[in-house]
Amino acid sequence: MLKGRNLLDPMDFSLEELEEVFKLADEIIEEPEKFLHVCDGKILATLFYEPSTRTRFSFEAAMLRLGGQVIGFSEPNSSSVAKGESVADTIRTVGCYADIAAMRHPKEGAPAIAAMYSDIPVINAGDGSHQHPTQTLTDLLTIRSLKGDLSNLTIGCCGDLKFGRTVHSLVKALSRYKNNKFVFMSPEELKIPDYIRKEILEKNNIEYKEVSKMEDAMAELDILYMTRVQRERFFNEDDYVRLKDSYILDGEKMKYAKKDMMVLHPLPRVNEIAYEIDQDPRGCYFKQAKYGMYVRMALIAKLLGVR
């Protein structure tokens, strides 16, 4: 039973519990009209201390399509946070009005602190460069739906692997499935963190390698997970400008790829995927965005215990 649980890290749910969420998402995709009123009378609070388009809209659309309502803020300056209110006090107050909360915060661990003080389920909608578990559920549902399996895959992760919380969460999650391998492509300054390399991959004897050129790995990949270099994580603008266009996926590089490879991206993109890839059937990032709404619908329904 997932009722009343928090989702702070992709490892919080067992593989069986994840499959439970995915099966419900499948049902919602097949017959959405059956779920139009399952959250009647329920309220989701979206507590976004950082800018967001897809994640916030996806959560809000998910709750509305389940028949529930949404309250919240999209920037801290529009709430009592601007007056210095703590995360603990904010979630305690919000718990008086809402049944479930989704929180995005620039500080790592902030949603976990909120969960400690909360009487309602808390979903981590991204905390700093740490984790983004609902994006991971989105990615897993997309791969599962389009590939048919989450095992025996070679996954390439490209771009900002140091600050990219979506990559950290995805590697952790896919490491739990059988016979998956990873290829990491990034500038030296933005390499995958040591804790992912040592505590997740090496500790569990999971095969991985790091390459400097995309072309060196494209032919073996089943999934290519592109990420942008995140301007908001840099203190030095010169460093950002120097690194932002390090890896760009275009039609020429796609010539090296398998016919059934999938290109994913958590979005927003900047320059790292050329617009010509939008016309390539292997470009699955907008399908991925839609799967994000469905998996959040399933997650909300499970945590509230209405399904």
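Placed from the backbone N, Cα and C atoms, the Cβ positions cover glycine too.
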| Do you know which of Arg92, Arg104, Arg307 Swiss-Prot groups with Arg54, Thr55, His132, Gln135, Leu267, Pro268 in the carbamoyl phosphate site? | Arg104
| query | Cβ distance under 8 Å to Arg104 (carbamoyl phosphate binding site), same chain, sequence separation 6 or more: which residues? | reply | Leu47, Phe48, Tyr49, Glu50, Ser52, Thr55, Arg56, Ala125, Gly126, Asp127
| query | Among all the protein chains here, how many other CB atoms are within 10 A of the CB of Leu267 (carbamoyl phosphate binding site)? | reply | 19
| query | If you measure from the Cα of Arg165 (L-aspartate binding site), which of the binding-site residues Arg54, His132, Gln135, Leu267, Pro268 is the nearest? | reply | His132
| field | Leu267 (carbamoyl phosphate binding site) to Arg228 (L-aspartate binding site) - Cα separation in whole Å | value | 8
| field | Entries of Arg54, Gln135, Pro268 which, being binding-site residues, have CA atoms within 10 angstroms of Arg228 (L-aspartate binding site) | value | Pro268
| Considering the binding-site residues Arg54, His132, Arg165, Arg228, which residue's Cβ sits among the greatest number of other Cβ atoms within 10 Å? | His132
| message | Suppose the carbamoyl phosphate site is Arg54, Thr55, Arg104, His132, Gln135, Leu267, Pro268. Which further residues of the same chain have a Cβ inside 8 angstroms of that site's Cβ centroid? | response | Ser52, Thr53, Ser58, Ala125, Gly126, Thr166, Pro266, Gly292
